[in-house]
Amino acid sequence: MVSSSGASSGTGTGTGTGTGTGTGSSSHGQNSSFELIDQRKQKRMLSNRESARRSRMRKQKHLDDLMALANELRKENSKFITSLNYTTQQYLAVEADNSVLRTQMMELTNRLQSLNEIIQFMSLNNFANVNVAATAFLSDDSSPPSMVNDNLMMPWNMMMMMMYMNHNHHQLQQQQQHEEQEPMLMNMFEYC
């Protein structure tokens, strides 16, 4: 009987001790695994927070860069608009000047054409007048040749007047020489 009770007590002790130790070590392992999971969660949360903070900073920096670029582009756009307005004003001014010059050129072209027609017409009339003047010179007429429209400022008439004056001057010189030689001849005849 002693042996059986000893056996039973041995069995009870063995069972009790084995079970108690197993439960304590498993709860300690569970606590360790929970702590490890918590640490991992904490690290992951910290990492996520840091990653989100860095992402926000990157986005903010990108936004600031875009705002600065937009301001620069606005300034350049304003400069281009000012330059374009100035160039447009200059173009319009030059175009207006060109329009005036084209109008003046047309007027001057018309005037030149009219003057050429007048010169051509007067040249034909003056050619006939030259024949009249030449006849007058050859006929020793003392009156000046007829002038076209009596206008002394016309080139042909100016030339004709000069020819007439030279002709008269030459005639006066010849007459004076003749008058000077005439008394000498009379004296010679008287001496003879």
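Glycine residues also receive a Cβ, built from the backbone N, Cα and C atoms like all the rest.
Pulled from TrEMBL, these are the features on record:
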- 9-23: compositional bias 'Gly residues' (COMPBIAS)
- 24-33: compositional bias 'Low complexity' (COMPBIAS)
- 38-101: domain 'BZIP' (DOMAIN)
- 1-60: region 'Disordered' (REGION)
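Secondary structure by DSSP for the domain 'BZIP' (38-101): 64 helix, 0 strand, 0 coil.
Averaged across the domain 'BZIP' (38-101), pLDDT in this predicted model comes to 94.
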